[in-house]
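Below is one structure, written out as structure tokens, with a few remarks after it.
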Amino acid sequence: MQSVTVLDFGSQYTQLIARRIRELGIYSEILPYNASPETIREHDPKAIILSGGPTSVYGDSALLPDGGVFMLGVPVLGICYGLQAIAKHFGGEVAGSSKQEFGRAKMLVSHNEESESPLFRNIPDSDVWMSHGDKVVRLPEGFRVTASSENSEMCALESYGSKAALKVYGLQFHPEVQHTLYGKQLLSNFLIDIAGIKPDWSPKSFIGHQIEEIRARAGKDKVICGISGGVDSTVAAVLVSQAIGKQLHCVFVDNGLLRKNEAVKVMNFLKPLGLSVTLADASDLFLKRLDKVASPEKKRKIIGRTFIHVFEQHLNEEKYLVQGTLYPDVIESVSVKGPSETIKSHHNVGGLPKRMKLKLIEPLRELFKDEVRAVGRELGIAEDILMRHPFPGPGLAVRVLGSVSRPRLDILREADEIFIEELKTSGLYQHVWQAFSVLLPVQSVGVMGDKRTYENVLALRAVESTDGMTADWAQLPHDFLARVSNRIINEVRGINRVAYDISSKPPATIEWE
């Protein structure tokens, strides 16, 4: 399977670049900006893309690629900061612009007398999305300008003449953003026409490739899977089951942090999938270890370690553990942006004890959420399972802010059940990517039946997203929110105030902890 390597210079759009490439039917993966040519060569990409980034190529903190990247014999496309890194490397000059460009801009395609740019084949003058304060002010030798804008005379360039064989291209704007009208066509021109990549990546091809890898990795060893009933672990389990059959045994852990009646619901819908599943009730153990623990990072790590402890009690010569880790989990947990900071450890990634007795099989770790659902459909998993909202590995422990206790978990369960029930009744459940309730560690004064109350505050959260990397808060109807609030306050003892979270990601994360 042919692939594309995206070198990440810290852009907020890096993951979007990878997704757009996959939408063209081409597999893509992200590596750090400073990956060595040897490391890149091991991945055998047929093209390389340099992402945007927040720094300046002439600054002290400049992030620059290894020059050997341009000598690997594959086409290279630089986007925004990536274009500026190309210009600097080949001897051009980049400087701060007196007129910065953020948002829509009109791109004018250059019509060169000698030959048209293959990158701009069938691309007319059109709107593009800019996001830069620096610009190329002197063209590197052996390059030509292929497009311009009002404030950027060199908003696209390519190697030419003596350097034509290098096939190096640069765009000052972002083709991966929807506001760039012909962005998808530009990426197609680069990847399919220039790099000659055959679009052969699809859910079906992914499944075939993963089945081969799983069989090769597991051999004849037994494998255990921690299944939660969520989309990720269910798809991972079914995929591994198709690869190794009865070698796989699943354990569903009731950690005491699940939604209302979750254990019964999960066991019921897992039955038709043909999986071997054991229900392990470890709720007392989890809640004991979480007693008086308020730090979200400590809660995540305790839960991760306890999961492994429970799995180890159910081992029967298994050598491997299956996890439904996704690409966003890996990106958020292990920075690929050089100096950027980790946002938070993921339950599947950072919470595992270092001396775990099991080796990992993570068949979905290179997929985004919507791709997992597509793979699930190809595997024949029912739509009502695939369209369940994401549920965090640590469960309600990260939705009860502060210390976790049975009474507080019960309050949250009842409130969350009402919220989800009303979403489904109103036909809104499938229109939001994720919805849940959060029990806050504060109380507020209220009045009920002419009596003063001092009870808990609950926050409702609903977001719209594609893959969880970015998200907008869902603009649910006011009358709907009023109905949910009224039901919760009247039906759930211990809550006298309901708030609605209108924060987007970024700057907020989807979960509160």
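Cβ atoms here come from the backbone N, Cα and C positions, even for glycine.
Within 10 Å of the C-beta atom of Cys80 (active site, nucleophile) sit 26 other C-beta atoms, taking all shown protein chains into account. If you look up Swiss-Prot, you'll see Cys80 marked as active site, nucleophile, on the strength of sequence analysis.
Listed in sequence order, Tyr13, Gly52, Ile79, Cys80, Val128, Trp129, Met130, Ser131, Thr180, Gly183 are the same-chain residues six or more apart from His174 (active site) with CB atoms under 8 A from its CB. The annotation active site is assigned in Swiss-Prot to His174 (among others) on the grounds of sequence analysis.
According to its DSSP assignment, Glu176 (active site) is coil. Taken from Swiss-Prot, the feature active site applies to Glu176 (among others).
Marked as ATP binding site by Swiss-Prot on the basis of sequence analysis: Ser228, Gly229, Gly230, Val231, Asp232, Ser233, Thr234. Taking a C-beta cut-off of under 8 Å and a sequence gap of six or more, Gly229 (ATP binding site) has these contacts in its own chain: Phe252, Glu262, Lys265, Val266, Phe269, Leu270, Arg388, Phe391.
The feature domain 'Glutamine amidotransferase type-1' is assigned by Swiss-Prot to 3-200, with sequence analysis given as support.
Taken from Swiss-Prot, the feature domain 'GMPS ATP-PPase' covers 201-388.
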| query | Do any residues at least six apart in sequence from Ser233 (ATP binding site), in the same chain, have a Cβ closer than 8 Å to its Cβ, and if so which, in order? | reply | Cys225, Gly226, Ile227, Val322, Gln323, Gly324
| Cα proximity to Glu176 (active site), best match among binding-site residues Ser228, Gly230, Val231, Thr234 | Val231
| remark: Taken over the domain 'GMPS ATP-PPase' (201-388), the predicted model's pLDDT averages 85
| message | Cβ neighbours within 10 Å, counted over all protein chains: which one of the binding-site residues Ser228, Thr234 has the most? | response | Thr234
| Which three-state DSSP class does Val231 (ATP binding site) fall into? | helix
| field | Remaining residues near the recorded ATP site, that is with C-beta within 8 Å of the centroid of the site residues Ser228, Gly229, Gly230, Val231, Asp232, Ser233, Thr234 | value | Ile227, Val235, Ala236, Gly324, Arg388, Phe391
| remark: Min neighbour Cβ count (10 Å) across recorded positions Glu176, Asp232 flags Asp232
